[in-house]
Amino acid sequence: MVLTGPLQRESVSMAKRVSMLDQHKKSSCARVRVAVRLRPYMDEKDEAKATTVCVRGLDSQSLEIVNWRNQLETMQYQFDAFYGDSASQREIYMGSVCHILPHLLIGQNASVFAYGPTGAGKTHTMLGNPNQPGVIPRAVRDLLQMSRTAASAPENENWTYTINMSYVEIYQEKVMDLLEPKNKDLPIREDKDHNILIPGVTQKMINSFADFDEHFIPASQNRTVASTKLNDRSSRSHAVLLIKVQKSQQVVPFRQLTGKLYLIDLAGSEDNRRTGNQGIRLKESGAINSSLFTLSKVVDALNQGLPRIPYRDSKLTRLLQDSLGGSAHSVMITNIAPEQTYYFDTLTALNFAAKSKQIINKPFSQETTQTVVQPAMKRPREETGHIAGSQKRKKSKNDSTESSPNSSMDTAGKQKLNLATLDPAVVERLLKLDKILTEKGKKKAQLLSTPKRERMALLKKWEESQMEIERLKEKQKELEQKAMEAEARLEKSNNSDLSDSSVSENTFRAPLRGRNTSTAKVKKVLRVLPMQGNSQLQSTVEEGIPVFEKKKKKKQVTCEGLENQPTWEMNMRTDLLESGKERILKLLNTGSVKELKSLQRIGDKKAKLIIGWREVNGPFKNVEELACLEGISAKQVSSFIKANIMSSIAS
C-alpha cells in the first residue's frame, strides 16, 4: 500500500511468514495469489457518479482509493491482478484461475474463493449467468476436458481418471449438504495425513458437464438467500463446492493420486445499521461477520508467525485450513464496490487482501500405493511315510530340548520368509518381533557369559527370595485362621448374650428345637444383630407392651431323613398399627415440607406433592389416600406405613 499526495509519500511493506508443515513432505512454496475485481457503478444515470466514486484503477495490478483521514491523499494497493469494471468473466478466469487446474491432475490441491462486502458481486464472479458463466462452470468444464485429454495420452495408458463433486453451505456455523438436504450439521474432520474432510457428505460422480449441471443447478437453489436493503439476493451462507480428481494406476504398484479443488463463494460482511437486518436476518448476519472475523484472525496469525493458528474457532476457517497456510494452490478474488457508501467496506476488503497475499502455502502431491497380497503357498502333505515323519519330528523335538539355546536360535535363523509376498503391516510386525527376540537373545547370552561365582550368587539370592515368599504365605494363612477363630468366638458370645436376656416367651418366640446336622440347604432364620443392642428390646418388654405376635406356624418338608424345619411369621399388633397410622395422618394433614421430609421414604418432591394435593382436595381421610397421588402406588403406601411405624417403635 502506498500513500500519495502533495504532502506525503510513504510506502508500507508487509511481513512474510512461511506456513509450518510436516518436515517429511518435500514441497515447493506457492504464495496465495490475490486478484481484485471492481464492480461496475450500480446507477449509470447518476449525475453525481464522478464525485461519489472512491476507487480508481491505475493499471493491471494496482489501484488507488481516497484516504479518509485526508481527502487530498490517495492510498495505492498493488496485487497480482486488478480487473476494472469493464472486465469480463472470461478475462478473470483466464488471468487468475485456469493456471492452477493442471496441479489437480498430479495429486495436488487448489482453491479459489471470492471475498468482499455484501453486494460487491462475489456470487456473480463465481456462478455468473448463462450468457456469462462464472469461475465454477468454466473450471469444471476445463477440468473435465483436461482429464479426458490426459487419459488418452500414450504415457497414461494404464491410468484412469474419476471426478466426484460435493456441495455444502455453512449456515449459522452449521455445515449443510446441498446435494441431498437432510437438515443435519455435518462434522469437519482431519485425517492422519492432516487432510480436511467432511464425513457423510454426498458425493456425485460426473463424467460430463451435463452430469454436473444435473446435480449443481438444483443444489444451488437449496442455498439460503434473502433480501436486504443493500442486496435483493443476499447470500446468507458460505457455499463450498468440492471437486475431487482421482488418478488411479491399473497395474502394480497401483498408485493413486488425489487432487481436490475448492470453489468457495463467501457471504459478504454486513453493517446492520445500513442493511436494516432484524430477527433471523440479524442472527444470520452475526454468524457471517463472526466467521469472517475469525478468518481475519487466521490471516494475522499466519503473517505474525504465531504458534497457534485459530483454524478451529470457526467452521469456515477449519474448511479453509488447506487454502490458507496449508497445502493448496490458492487464489483469492476480492470483490469491491466503487460507491462512496461502500467506502469503509471496500477499505477493509483491500486491507484484508493485502495481508492475504503474504501467506505462503506448501503444496504437495497426495499419493497412495496399494500392495497386492499374494496367498501363502502351502506344501502338499505326503500321504506315505506319515507315521514315520511324525516320529521323526518327535525325536527332533526331544533333541532340541537337550541342545543349547544358541543352536535353536541358529536353526530359527535359517528359516527365512519371502517378505515381498506379505502384507506391509504383517512385515512391520514381523520385523518388530524379530528385533525383540534378538534383544532377548543378547540378554540370555550375557547371562551365560557371567562368571561362575556371580552366577551362583544370583541363584542363591533367587532361592532366598523364594523362601521368603513361602514364609510370608504361611504367616498370612496363620493370620487368616486366627481372624476366623476370633470371629467365631465373637458370634458365640453374642448368641449367648441374646439367650441370657430377659425377653419373655410371650414377647418373642423363637424355634428352639434341635436340628440334625446335614449338608442340605436350610431356610434362613431372622436374627437380631448385636449392633442393635439389647437395651431397647428389654425396655419394651419391661413395659409389658408386646410389639409382635406369633401369627402362624408353618412346617416345611425337607429332604428325606431330616426333621421338619419350623418357620415363623411375625404380625404387628393392631393397636400399635392404628396409633402409628393416626400419627402419620396427623403429620400428613398439618406438617410442613420439612416435617413431611422427616417421614421415612418422603423426599422433597413427594413432600411438595402432598402439600399441593392437600391444598386442592383438603385433608387426607386416611393414610391409604396417598395412593391417589401421582407416582405413588398402593404397594408403596403399604411399605411407607410399615417403615414409619417401625421407625417410631425403634426410636
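Using the three backbone atoms N, Cα and C, a Cβ is placed for every residue, glycine included.
Note that the coordinates shown come from a computational prediction; the quantities given were computed from them, not determined experimentally.
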Swiss-Prot annotation of coiled coil - which of the ranges 264-310, 452-498, 499-545 it falls on: 452-498
Which same-chain residues, if any, lie at least 6 apart from K122 (ATP binding site) yet have Cβ under 8 Å of it: A114, Y115, G116, S235, D265, L266, G268, I333, N335
Position of peak Cβ density within 10 Å, selected from the binding-site residues G116, P117, G119, G121: G116
All-chain count of other Cβ atoms within 10 Å of T118 (ATP binding site): 22
Cβ neighbour count (within 10 Å, all chains shown) around A120 (ATP binding site): 27
Conformational class of G116 (ATP binding site) under the three-state DSSP mapping: coil
Spatial neighbours of T123 (ATP binding site) that are distant in sequence (at least 6 apart) but have CB under 8 A: A114, R233, S235, D265
